[in-house]
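Accompanying notes for the structure given below.
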Amino acid sequence: MTELKVHSIFPSFNGEVCHAGQGSSAIFVRLAGCNLAAAGHPCLWCDTPDAQTDWHSLSLPIGEVLNTVLDLGERIRNVTITGGEPLAQDGTLVLVKSLLAVDKHVSIETNGTLSIEPYAFRCKDLHFVMDYKPPSAGEAVFDSFLEENLSYLGEDDFVKIVVLTDQDLFSLSEMLMKARVNTKAKIAVGVPFNNPVLAKAIVDEVIQWRLDVTLNFQLHKIITPTIEGAVQGAYN
């Protein structure tokens, strides 16, 4: 029986860009383990470091994960699969197909360093939010980005670029141009909520270059930094 390393399953809302829109309710399945951390190159800006390994996880049959999602989200259609890195586990694809079979809308948040080709069967209810990690995430992380993934993304998917330092801002226009040429997906630029000077510089850069992007604010961190911990319930 296929199992998944699960960090937590909980109801919340999508604090960042996704096909359903920021602020949309969803059941979150946070899987444990990350390929970057396993290789000794964890993202320096990871906001869930305890999910980088499976130390704080449970091994659960996929059927149990599915049933938990259904119990928590009887009236919620959106499911967001995050991590860690969801694509690092083979069972994620099985879970996705199981969720689609019961008419859920599935969004996968991925770091962009593992191939999404196995998910290329695509359907109207499966979407990706794929990171394009900036230089400040670490040189090894930045260099691990798989550009070929861009070609698998559709018009309702997102490529998410987070700008956290002046170095990232300097690289922004080049990263945006590379992404725009190679994908049909929408492109979102993450704006730090706790650095108004850098946030304004990002906005000025986008306006100056007339870039076709969406600004991405982490609503969950603006409202309350502890909201996720407050609503985790099924597995934690």
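Here the Cβ of each residue, glycine as well, is placed from N, Cα and C on the backbone.
Per TrEMBL, the features are as follows:
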- F13, N14, G15, R30, T82: substrate binding site (BINDING)
- 21-226: domain 'Radical SAM core' (DOMAIN)
- C34, C43, C46: [4Fe-4S] cluster binding site (BINDING)
- W45, C46, D47, G84: S-adenosyl-L-methionine binding site (BINDING)
- T48: Mg(2+) binding site (BINDING)
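Following the DSSP three-state reduction, the secondary structure of C43 ([4Fe-4S] cluster binding site) is coil. R30 (substrate binding site) falls within a strand when secondary structure is assigned with DSSP. Among the binding-site residues F13, N14, G15, D47, T48, G84, the ones whose Cα sits within 10 Å of the Cα of C34 ([4Fe-4S] cluster binding site) are G84, in sequence order. Neighbour list (G15 (substrate binding site), Cβ cut-off 8 Å, at least 6 residues apart, same chain): Q22, G23, Q218, L219, H220, K221. Take the mean position of the Cβ atoms of C34, C43, C46, the recorded [4Fe-4S] cluster site; other residues of that chain with a Cβ within 8 Å of it are L36, A37, P42, W45, T48, P49, Q52, G84, E85, N111, V141. C43 ([4Fe-4S] cluster binding site) has G84 as its nearest neighbour among the binding-site residues F13, N14, R30, T82, G84, going by CA to CA distance. Averaged across the domain 'Radical SAM core' (21-226), the predicted model reaches a pLDDT of 92. Of all the binding-site residues listed here (F13, N14, R30, T82, G84), G84 has the Cα closest to the Cα of C46 ([4Fe-4S] cluster binding site). A coil conformation is recorded for T48 (Mg(2+) binding site) in the three-state DSSP classification, outside any helix or strand. Checked against D47 (S-adenosyl-L-methionine binding site), the binding-site residues F13, N14, T82 differ in C-alpha distance, with T82 being the nearest.
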